[in-house]
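**Q** One structure follows; several queries about it will come next.
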Amino acid sequence: MAHISDIKLIRTDTTLDLSQKAEKGMIWTMGGASYLYYNAYDHGSLTCRCGTLLIASSGGKYNPIRTFSSHQILEATNNFDWSYAIGVDRFVWYKGTIENRAVLIKYYKGEPFNFDPDNFYRDIAVSSMMSSHKNVLKLLGCCLEFPRPVLVCEYPEKGALAYIGGAGEVIKPLAWSVRLKIAKEIADAVTYLHTEFPRTIIHRDLKLTNIFLDENWTAKLSSFSLSIPIPEGELGVEDIVCGTQGFGEPHYMENMDSIKNRLMVTVIT
């Protein structure tokens, strides 16, 4: 399976090769349709045909991602009503219903601090690539009609691990058997992220709010916006330090204000 390269989000009935026509992040119109060109990982592409986003591998295989209209998103969330919100991070998670199905809607609201716009599209690309894994929150589709992409995911009945018990409720400690099950399943998902693709991809933001649980207590890893690929033949990559205080390695997180910090990764299999 190839990883992502030229992500071409094209709202038209015909897939066009925009690689020679656009710069990263450039938006323009042609024939009444809006186009967005975005460059990410190597050897693949994300395109849109007849309302369906497609991630293409170098072998020509496509992974369809459904596109939802802004009307569907606004109706599902009652115009992003806060009473529908079930979690807040760099984005807001809303519980909604689309076509009689409960869904989880991820909306990047406002200007996330120190957040590269590329991360929005990386989240779509990596989430789609990972959605076949049983321990990853399945991406159902997205909406490109807002200033930033809105992601639509499967709805995990028990919610985020960080909020088990709900606001104001007495939270009973999870049984050790459940904790070990969650740890193993997330480890399986991370191992898949590290080893399934031609380049190792590092999540960089593992925390309780990014782990969801379904009705069977099956763990689901989510939120790949901060993920980064390790160049072939390398053990690490230089990038701006990012993550969440309290969940990263202390020395690493203490350098959050550094312009760059060497991220060294060794994958254990």
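Cβ atoms here come from the backbone N, Cα and C positions, even for glycine.
Pulled the feature table from Swiss-Prot, pasting it below:
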type     : residues                                                              : note
ACT_SITE : Asp205                                                                : active site, proton acceptor
BINDING  : Ile86, Gly87, Val88, Asp89, Arg90, Phe91, Val92, Trp93, Tyr94, Lys106 : ATP binding site
DOMAIN   : 80-269                                                                : domain 'Protein kinase'
**Q** Pop the mean pLDDT for the domain 'Protein kinase' (80-269) in here, whole number is fine.
**A** 82
**Q** Taking every protein chain in this structure into account, which of the recorded positions Val88, Val92, Tyr94, Asp205 has the most other Cβ atoms within 10 Å of its Cβ?
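**A** Highest number of other Cβ atoms within 10 Å: Tyr94.
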**Q** Within 8 Å of the Cβ centroid of the ATP site residues Ile86, Gly87, Val88, Asp89, Arg90, Phe91, Val92, Trp93, Tyr94, Lys106, which other residues of the same chain have their Cβ?
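**A** The surrounding set, listed in chain order, is Ala85, Tyr107.
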**Q** Among Ile86, Val88, Arg90, Val92, Tyr94, these being the binding-site residues, pick the one whose CA is nearest to that of Asp205 (active site, proton acceptor).
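**A** Nearest by Cα distance to Asp205 (active site, proton acceptor): Arg90.
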**Q** What is the Cβ neighbour count of Ile86 (ATP binding site) at a 10 Å cut-off, with all protein chains included?
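**A** By my count, 16.
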**Q** Determine, from DSSP, whether the residue listed as 'active site, proton acceptor' sits in helix, strand or coil.
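**A** It is coil.
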**Q** What is the total of other Cβ atoms whose distance to the Cβ of Arg90 (ATP binding site) is within 10 Å?
**A** 17
**Q** Checking the spread of the ATP site as listed (Ile86, Gly87, Val88, Asp89, Arg90, Phe91, Val92, Trp93, Tyr94, Lys106): what is the longest Cα-Cα distance, in whole Å?
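**A** Those residues reach a largest Cα separation of 13 Å.
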